[in-house]
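> Input: one structure, supplied below.
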Amino acid sequence: MVGSTGLRQARGCAQGMASPSALLLTLLCLSPAAISEDPTPRIVVRYDDVRGKGVSRFSESNTHNLSTLLLHKGGKELFVGARDAIFALNADEVAVQLKPKISWQASKESRSECEQKGRKNETQCSNFVKFLQFLNETHIYACGTYAFQPTCTYVNSNEFVRMKDGNNVDILENGKGKCPFDPEQGYTALIADGDFYAATTNNFLGTEMVISRNLGSRQALKSDYVSTWLNEPIFVGSSFIQESVNSTFGDDDKIYFFFTETAKEYEFYSKPIVSRIARVCKDDAGGKRILQKRWTTYLKAQIVCAQPEIQFHFNVIRDIFVLQPADSWEDTVFFGVFTSQWSESAGSAVCSYSIKDAQKVFMGPFKEFNEATQKWGTHTGSLPSPRPGECITAQHRQAGYNSTLDLPDQTLTFAREHHLMDELLQPLGARPLFFKRGINYTQLAVVRVTTAFGDHDVFFLGTGNGRLHKAVSFGKMDTHIIEELQIFPRAEPVQNLLLSKEKNLLYVGSISSVLQLPLANCSRYRSCLDCLLARDPFCGWDKAAGACSKVPQASQHQSGFLQEFNVNNIAARCSAQNAEKMDTVFVAIPIGGGFKLSCELRSKLAKATWLHNGKALAPAQGSELRPDGLIVVSSRYDNYGTYECFSVESETSQLAARYLVNITIDGGSYNPLTPEPRNEKHTSTVVVVLSLFLATAILAIIFLCYMLLRNRQNCNLSTVGCGASKSPNGGILDCCSTPKRGPNGHHHNAPVFYSSRESILDKLKGPGTPTKNLAKDLEQNAIPKGPESKPFIIIADTSGPTAETSI
């Protein structure tokens, strides 16, 4: 259900609408408060800990905006476009610069003119390299803003120098329509079969937005400057899909564009933004009389990314990634990152779309504007033949239409007025793959990983504050964020992500630097449970090596690795593997002193459970259980012993910390017996020893009682009366007199508790010590039995060596 806040917001939106539209109301107004899918990153890695094999970073002083990335086809070099420069870096170690940089600054005249027109010198009147792509095997085509005068050039990739003309002057071409004027404007471009396709601004003020084709052998085309074509768009991405491959009806290849624009089809009190997918055909040649040098195959449709339960829509697309399998374009999936126009701070959502669903939308009904009612609706009339917006196929050629130049006027006239499709492109599963609250995702890259359990899509998502999330989708309603990396020392947005599955590397472009990261860092997980709980499709537990390692993609090499993505089965999968070794930390705490036992859980999804001497530890007075450890404000006698902290995650537990705490008094230990760390074999040994000790003590007490009773019988039977008598062992025994009590109430011949073994030995110096003097000394040194000292039982016997029994 929609929360009350969302309902109030919806009513407010409805009151502000000139003509309320139920669809637009649900599209834009509802609050995301009821969205429950908000996965938490399992681990968070700080900037100082982002290191290891495969991690490398490149930066140069006074160089900024290192955000345009191009990987060499052979995988040897990474080319980086920055402000006023192009770099060639080692693709395996980006910190290594392979060749001197190409310095490409705007001319002094261009910079001066830019400043005179009111633009800022450093942030706008430089040359921001926005486009790098191979034109052929040896040359790169590069375009930059060039101080608000878009310019392009050619770079020899082998020698890494700019191309020159016959006069040895650097070749420069007008980049208008190929590159934006303003470096902050949304932009996308690509080269397909030698033609340059771009979506950008076409004038200094940024008021003319255009989708165009030029540079190659085909007819230069562009969109018309009419709001029904493009209405304040912000472009985020494009893709070339070779749909002619294995086509049964001779279809044409297509170029897809993704952007947001202000919707004209909705009536609303403010400008409603919607996300769009548009496409043109590669062999579009424009019209002969109508739509001359204009697209005849340009169609666009609305993209939906919404929570169906509450009808909250993420209507602003931020980035797009096209996952195109090598063996079949028909399995192509578009992945998009979306936010909300009305609640940008609410978070981001990721949705996916099938190219087959996109094709169905573009073959569906058109939306049109009714002049009479001044409203948008579905076109219900008949369509001209051939169908407007279609690519030229084998069927068209059979009918005599070999090119769009041959299309009849009726088809072209309809195409000029009808670009928008009536149906919406819905996400796979009819819902987002996941939603992350409070996070602004700016960039997205996706890789499909093959495991023994099937294929899984792994997402790398850059944020606006310099974090990188790695997530994996296990199907509907089950997306798991494996980790969050702080990849920059200070908060700055991730501006570009380039993924190389062949190198198992991810390249990150930003304002300050270029970062290289491995797609997986499996060695971060030190136990079988930790490895499998990460649920990283790249990682598995190597049974032979006893370590978490990267799993080979070839299925025949995966048998030696444990993987499990169902959290309920992980404990069973790891039951036969050796647990991680855990050292015991010994702690000595003075009585009354406070202490903290830390328990750092590696997983943010785990909770800590403590055991004290093998029993569950419950919060008590003077102690506090916290997420990061146990705090005891004032230690007591019963605080001694073994403390164990267990990390409990998804009903599996593993030991995270172990402590052995001794409570000390005046530098000595209170513990009569020092407990050892929990170990089944050791525990059995201790039980046996204690049993033998107890049995021996009981026999000793019985023997002493027997001797005392026999002595008393000898006294009673003596004919000399009550006086000095010899004991059976030859000692002198005064047994007839009543035992005297000391001032503390102890009998002189009763067990006496002393705090020091040495002080007792000093008093008992041999058989010649008189009994009366010994009794007096014992009376002066005796202390009550209590927990503040380590006591000894003393039995006085003047006839022989002193007897001591420690308890």
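Quick reminder: no glycine exception, Cβ is built from N, Cα and C everywhere.
Unlike curated records, TrEMBL annotations are generated automatically.
So TrEMBL lists these for the protein:
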SIGNAL    1-36  signal peptide
DOMAIN    42-519  domain 'Sema'
DISULFID  C114-C125  disulfide bond
DISULFID  C143-C152  disulfide bond
DISULFID  C281-C391  disulfide bond
DISULFID  C305-C351  disulfide bond
DOMAIN    552-656  domain 'Ig-like'
TRANSMEM  686-709  transmembrane segment
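Show me how these features fit into the structure around them.
The Cβ of C125 (disulfide bond) lies under 8 Å from the Cβ of A106, S110, R111, C114, E115, R119, A147, F148, each of these being in the same chain and 6 or more residues away along the sequence.
For the recorded site, C152 (disulfide bond), the DSSP three-state label reads strand.
The DSSP secondary structure for C391 (disulfide bond) is coil.
The Cβ neighbour count for C351 (disulfide bond), using a 10 Å radius and every protein chain shown, is 27.
Across the domain 'Ig-like' (552-656), DSSP assigns 13 helix, 42 strand, 50 coil.
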> Of C114, C152, which of the disulfide-bonded residues has the most Cβ neighbours inside 10 Å?
C114
> Fill in the CA-CA distance, C143 (disulfide bond) to C281 (disulfide bond), as an integer in Å.
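Approximately 24 Å lies between the Cα of C143 (disulfide bond) and that of C281 (disulfide bond).
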> Write out the long-range same-chain contacts of C305 (disulfide bond), meaning residues 6 or more apart in sequence whose Cβ is under 8 Å from its Cβ.
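Looking at Cβ-Cβ distances below 8 Å from C305 (disulfide bond), excluding near sequence neighbours, one finds S275, H313, F314, N315, I317, G336, F338, A349, C351, P427, P432.
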> Can you grab the distance from C281 (disulfide bond) over to C152 (disulfide bond)? Cα atoms, rounded to a whole Å.
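About 25 Å separates the two Cα atoms.
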> Can you tell me how many other Cβ atoms are located within 10 Å of the Cβ belonging to C281 (disulfide bond)?
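Summing over all protein chains shown, C281 (disulfide bond) has 24 other Cβ atoms within 10 Å.
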> Counting across all protein chains present, how many other Cβ atoms fall within 10 Å of the Cβ of C143 (disulfide bond)?
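So the Cβ neighbour count for C143 (disulfide bond) comes to 28.
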> Across all the protein chains here, work out how many other Cβ atoms are within 10 Å of the Cβ of C391 (disulfide bond).
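Looking across every protein chain shown, the total is 21.
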> Compute the C-alpha separation of C152 (disulfide bond) from C391 (disulfide bond), stating it in Å without decimals.
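On Cα coordinates alone, these residues lie 31 Å apart.
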